[in-house]
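Structure record follows, encoded as structure tokens.
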Amino acid sequence: MPSFKTLDDLSDIRGKRVLVRVDLNVPVKDGKVTDVTRIERVAPTILELSEKGAKVILLAHFGRPKDGPSSDLSLSLIAPSVEEVLDHAVLTASDCIGEAAASAVAAMNDGDILLLENTRFHKGEENNDSDFTKALAANGDIYVNDAFSAAHRAHASTEGLAHHLPAYAGRTMQAELEALEKGLGDPARPVVAIVGGAKVSTKIDLLMNLVKKVDALVIGGGMANTFIAARGTNVGKSLCEHDLAETAKQIMIEAATAGCAIILPEDGVIAREFKAGAANETVDINAIPADAMVLDVGPKSVEAINAWIERAATLVWNGPLGAFEIGPFDAATVAAAKYAAGRTIAGKLTSVAGGGDTVSALNHAGVADDFTYVSTAGGAFLEWMEGKELPGVAVLNAAAA
């Protein structure tokens, strides 16, 4: 297990200035936050520190500002939603460094919560500039990183600060790292991975890493067509990266060498147009008509996938099995998700899932809360699945050494 310090290692923090890196990169429409999930995830850390009397100073980025500050990317837009979720007053500052930040921090009382302005309004944030990092650190006594979703970036507020202040993992970061350790770090075996989505090209590193770590790899979604075509099967008009046939073959060779079973669809649900309620039928995967496209894996394939889930002690899931956004091509994803959720509830399976489409698919199936852990981290979750070291995590481990 990676070793890092958590809030449990913090004692007597009353009056201490705690810089907390959080992920507040939430969707906003017409000036209003439309989804507060990320705020809800960091609420326990913020409130725990506040209740212990710390001066809680929140650091976050929002969007991708191109040329310094812009009002439409100001965290002042997010502050009311943070207040609402926390049920606690949230102070704001017009900058994250300099006099504006320093005077706002100086005016804080014990237990106060202050949201500093968007760190990306300064180029030094993404450059991990040492002067900018020192300017951030000047307002804190302790650093807590609760933004696993930004841990794959070596930025000033995600990595740099841990070199200047005592560094700890927040509750969300801790939960994410402990769940990921159970998923791939030191999992109960057998381990089955489900990888879906449209393209092999975006997941080559992930697939190459997984075949060395899991006992079976289920491939679904559009990317399955690339593997099926690489075997010499006609996939009709299905989404397929024919130019990656050799890559697909190489992944299958690596899997065979590592003793990892590759599970590809045996049947598919085909249609001639990509729209909700399109006329469709189920065919054997070797009998796809030239004018049709596969939009979901078929019932025989779902049975095979569920049999692997039945055998598994650990399941890692990234990407839907079909075009789940439009019915009826959500059937396989929903069926497998519900089966995995049932095994998890019964205490037979540790299930870890992540990636934007995956979270949407599990919500669509109504089982996101029934998985052991569902990561909302996106890019950081994928890089972890690829076996890459995450700078924001590595620096916490180093700080605890």
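Easy rule for this one: first residue shown is 1, then count along the chain.
Placement of Cβ uses the backbone N, Cα and C atoms for every residue, glycine included.
Now, the feature entries from Swiss-Prot:
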- Asp23, Leu24, Asn25, Arg38, His61, Phe62, Gly63, Arg64, Arg120, Arg153: substrate binding site (BINDING)
- Lys203, Glu325, Gly355, Gly356, Asp357, Thr358: ATP binding site (BINDING)
Closest of the binding-site residues to Gly356 (ATP binding site), Cα to Cα, picking from Asn25, His61, Gly63, Arg120?
Asn25
Of all the binding-site residues given, namely Lys203, Glu325, Gly355, Asp357, which is spatially nearest to Asp23 (substrate binding site) at the Cα level?
Gly355
Number of Cβ atoms other than its own within 10 Å, given for Gly356 (ATP binding site)
16
Tell me which of the binding-site residues Gly63, Gly355 sits in the most Cβ-dense spot, judged by other Cβ atoms within 10 Å.
Gly355
How long is the line from the C-alpha of Lys203 (ATP binding site) to the C-alpha of Asn25 (substrate binding site), rounded to the nearest angstrom?
24
Recorded substrate site residues Asp23, Leu24, Asn25, Arg38, His61, Phe62, Gly63, Arg64, Arg120, Arg153, farthest C-alpha pair in Å
18
Cβ neighbour count (10 Å, all chains) around Asn25 (substrate binding site) is 19
